[in-house]
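As annotated by TrEMBL, domain 'C2' applies to 1-105, 116-232. Residues annotated as domain 'Ras-GAP' in TrEMBL: 231-441. TrEMBL lists 495-602 with the feature domain 'PH'. Here TrEMBL flags 678-698, 712-732 as region 'Disordered'.
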Amino acid sequence: MAKRSSLSIRIVEGKNLPAKDITGSSDPYCIVKVDNEPIIRTATVWKTLCPFWGEEYQVYLSPSFHAVAFYVMDEDALSRDDVIGKVCLTRDILAAHPKGFSGWAHLAEVDPDEEVQGEIHLRLEVVRGTQACLLRCSVLEARDLAPKDRNGASDPFVRVRYNGRTQETSVVKKSCYPRWNETFEFELKEGAAEALCVEAWDWDLVSRNDFLGKGPGQLIPLIEEMTSTECRQNVATNLLKLFLGQGLAKDFLDLLFQLELGRTSEANTLFRSNSLASKSMESFLKVAGMRYLHGVLGPIINKVFEEKKYVELDPSKVEVKDVGCSGLHRPQTEAEVLEQSAQTLRAHLGALLSALSRSVRACPAVVRATFRQLFRRVRERFPGAQHENLPFIAVTSFLCLRFFSPAIMAPKLFHLRERHADARTSRTLLLLAKAVQNVGNMDMQTSRAKEAWMEPLQPTVRQGVAQLKDFITKLVDIEEKEELDLQRALSLQAPPVKEGPLFIHRTKGKGPLMSSSFKKLHFSLTTEALSFAKTPSSKKSTLIKLANIRAAEKVEEKSFSSSHVMQVIYTDDTGQLQTAYLQCKSVNELNQWLSALRKVSINNSGLLGSYHPGIFRGDKWSCCHQKDKTDLGCDKTRSRVTLQEWNDPLDHDLEAQLIYQHLLGLEAALREKHQELSAGAGAGSVPTGPGEAPEDPLAQLLQVLHDLREAHASSPAGSPPAEPTCLLPLQT
């Protein structure tokens, strides 16, 4: 059984949402929770009841997770955000859809009395006496209960009902991790069918108590042929990562290039379809070239967002109300708007092309070597003088049309910005992306004829074509020795896994821990240590060695009266446990840092199984009120709940497992195809006995699938681990 599961989440859009604001609209965003742990927050789409998010995430989970819930929220600047509704998908629902759950889902209203979370620890035993039998119920503790009060905590007590009798524990004030250690006894009548009911409540002095919960080779063409268009992108990504992790990405893509070129007769259709080659190359650039993309494109995108200029080239779309006034305090004419817009776009396009021209050495060696293979293969397939530009267009079809242009149009999806662009900035980005596409098409007449109003950019586009051809000539001019030298130099570096500004808590004497004692510093996490500096360019100091990390978890909001605080628990040089408290600026940043810390420390020895989500203030923990500072912890750690990021190290085992699952789904179709091919060649059936070695590749693949399925079925790890019998998840 895998140590973790991979879950792909695509949040597309919503429609006909209820209005939550007095304007008759809403400002919706989504929160995704796994077992009540928030792990994802989408961008807010302002003033709409039909939002489009279009965001994708990959989440790593423990195989024993229970449910994934999607909450649609309405953002409010002056008050608590409203809950519009939610959709909950249990593990069983997801398991019933092995190819994925897709489609519209109706939002359910959120009833505060039905929103429960957490676990309660009970001990049940039957005590047999001479006169009667007793049912003894010991209520020991609970953890991760829902905060019901304004202070971010609850005042929980437990109500136990059986056989017409109700008994209650004492109230534990201001805690979501209470410990009671109280025992109740009920007379157990023979043949009684009534169930024991255990409910957790939040005690309120002036209002009704809140309910908290209650407890009970030639294979590649065949795979491409058999894979549906909907699944092709996922399969391409998995295959690419699998080969990339083995150092064989260039060879894998070269094979796909040859297959694509072999079935292409018209030069103008080359790599234009959604073939396995095109999808694999897209995935390759996103995996291997994302840092390069950020370096080239990041400054230009940031400038577009900061300027917020009104830009329009299409005369039919120029709106006077958006034009504004010039320095002479008179409305601008349409011609002035168009000329000013053209100047702005020419400046952005020129800056981008200049940055690209200077970036040859910054491009990863494996990307350059792959483009070299593509360039050579296309030139060999179409050698005539009439196809002189075709090798260049083949490179730009991926670099410009499938990598740079999509990143310009949707910078958030390529991690260039934290939020989606507003309408004005989106239009500027779209026009800039169109100009980049024209340059990538080598200024072909067909692309110019589509939108004649792009003509003012043509001088810059023509100049850009010359710059781009010169850039590609230098890009693909890389020999095997230089490729190996560049890869070796890169392997000696320890690039940051994540970096950015955080606020670190500084303890001053023995006073109370306050939110005001956080200091802003620049942090950098590598595969060696978590370090900090005053500024990004300052000398770094090591805060925590990677091997010393024992847990990375969230901190209750009430602890510092601040949101988005995490704790990194580690051992110091003497082996004593220490805790560093770090505050992030948003929930997404918090989840990204937690995910990064958990990933780099996942193989550390001595990882903690439990922790305190509160802080030790005065003489007790703020979460469970225990007075022993060395207490093991009142909540379980979540070391295997992580997000997939573009700069993640490759997980070969996971990619192999995903490909195996996909091939299992195709097994029947592959066997049918093998029988069809065998009948034509006069071959026999696929051997399934041990020691028999089929000769043709498809038969070998089917044999491997059979052997793996048999091995998995007979493995004791093939079934999911049992949940602890004494910890009952709270359910509605």
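Including glycine, each Cβ sits where the backbone N, Cα and C put it.
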Structural state census, the domain 'PH' (495-602) (DSSP three-state):
24 helix, 46 strand, 38 coil
Helix, strand and coil residues within the domain 'C2' (1-105) as assigned by DSSP:
5 helix, 48 strand, 52 coil
Please give the average pLDDT for the domain 'Ras-GAP' (231-441) in this predicted model.
87
